[in-house]
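The next block holds one structure in the form of structure tokens; read it before the comments.
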Amino acid sequence: MPFSNSHNTLKLRFPAEDEFPDLSGHNNHMAKVLTPELYAELRAKSTPSGFTLDDVIQAGVDNPGHPYIMTVGCVAGDEESYDVFKELFDPIIEDRHGGYKPSDEHKTDLNPDNLQGGDDLDPNYVLSSRVRTGRSIRGFCLPPHCSRGERRAIEKLAVEALSSLDGDLAGRYYALKSMTEAEQQQLIDDHFLFDKPVSPLLLASGMARDWPDARGIWHNDNKTFLVWINEEDHLRVISMQKGGNMKEVFTRFCNGLTQIETLFKSKNYEFMWNPHLGYILTCPSNLGTGLRAGVHIKLPHLGKHEKFPEVLKRLRLQKRGTGGVDTAAVGGVFDVSNADRLGFSEVELVQMVVDGVKLLIEMEQRLEQGQAIDDLVPAQK
């Protein structure tokens, strides 16, 4: 849980080596970067809102990570965290985002006209298409550190802005605390709503405090455009629909996001963004675009093929199970999405998914015929 600065001052009575966490069994980016020397150098610092080094690393201390999956192991508590603790964050960002340097500049492109194709992914294989991102509202602490009042103010602002959306984006807000248990579970099962706060990241970082206060979901009438409020980020914006028309999903995503940003600006609020890190979000893994473009895709043959992991890696894609992170693939259905977030524009990332998915389908069709796929294995993108 985030500590006040007075607690941080109290801890400074002990030498740094007495306060340094035991990271000997850890497999996360934070544990890889944080040395006793770096801890000693940064531990007395705090951001203007009072977020400390121990607040940054606590989630990664409490969750050592997975032997095969490298987790990040740290969070930001406000926009300034990435600057105040840059000696820790910069190497983590470089490691996590494929060598992204502290001097690199991020590019943004939310013009769906720049996407080539994507309206014709074969619906016999692609069951659904989805694009999501996060946004943080400047002037507020991020979820690991925000107070009840801040969280409620974010909810109020977001609901006011979203209620101005019209046309096929028009919809309404559903506060978590006014939903029945059954209604909540139905939305979770249908992949519309975030899960209950059982994830170690949410719990250890303090993001689940006061749950379900000021949390909720806004969606349009046909549930193809959704905004989660006050989960891991202030806002999570999602465009989704059944079938393989990623172009339509991305166009709705860009239009909705642009309208939301305009509505916030009309109330004199802007999203956290800078030229180096792009859009600022709670977890360093989501910096840049914050964008994950994914499809649920049926690959019963390719999914079992020994070359599948290597093909995905070369296409800069990643797979999850049918139910998302840490779940199994059911019936040969995988959730396949872009692996990158930072250093590529939104259009570039969606393009990688569109082009990559077409190749995966071609490979699956070859395997259905009992033919080899060696000649289709791509070079590293």
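Note that Cβ sites are derived from N, Cα and C of the backbone, with glycine treated the same way.
Record note: Swiss-Prot gives Val72, Glu232 as creatine-binding, and the candidate from Ser24, Ser199, Ser266, Ser285 in that site is Ser285. Of the listed segments 58-66, 130-138, 301-309, Swiss-Prot assigns region 'Internal MTS-like signal' to 130-138.
Around Lys101 (ubiquitin cross-link), a 10 Å sphere centred on its CB holds 12 further CB atoms from the protein chains shown.
Take the CB of Lys381 (ubiquitin cross-link) and look out to 10 A: across all protein chains shown you find 12 other CB atoms. Long-range contacts of the region 'Internal MTS-like signal' (130-138) within its own chain (CB-CB distance under 8 A, at least 6 residues past either end) are made by residues 79, 154, 157, 232-240, 246, 249-250, 253, 257, 260-261, 264, 269-272, 279-282, 286, 289-295, 346, 350. Within the same chain, no residue at least 6 positions away from Ser199 (phosphoserine) has a Cβ under 8 Å from its Cβ. Sequence-distant neighbours of Lys45 (ubiquitin cross-link) (same chain, six or more apart, CB under 8 Å from its CB) are Thr52, Leu53, Val84, Phe85, listed in sequence order. All protein chains included, Lys107 (ubiquitin cross-link) registers 14 other Cβ atoms within 10 Å of its own Cβ.
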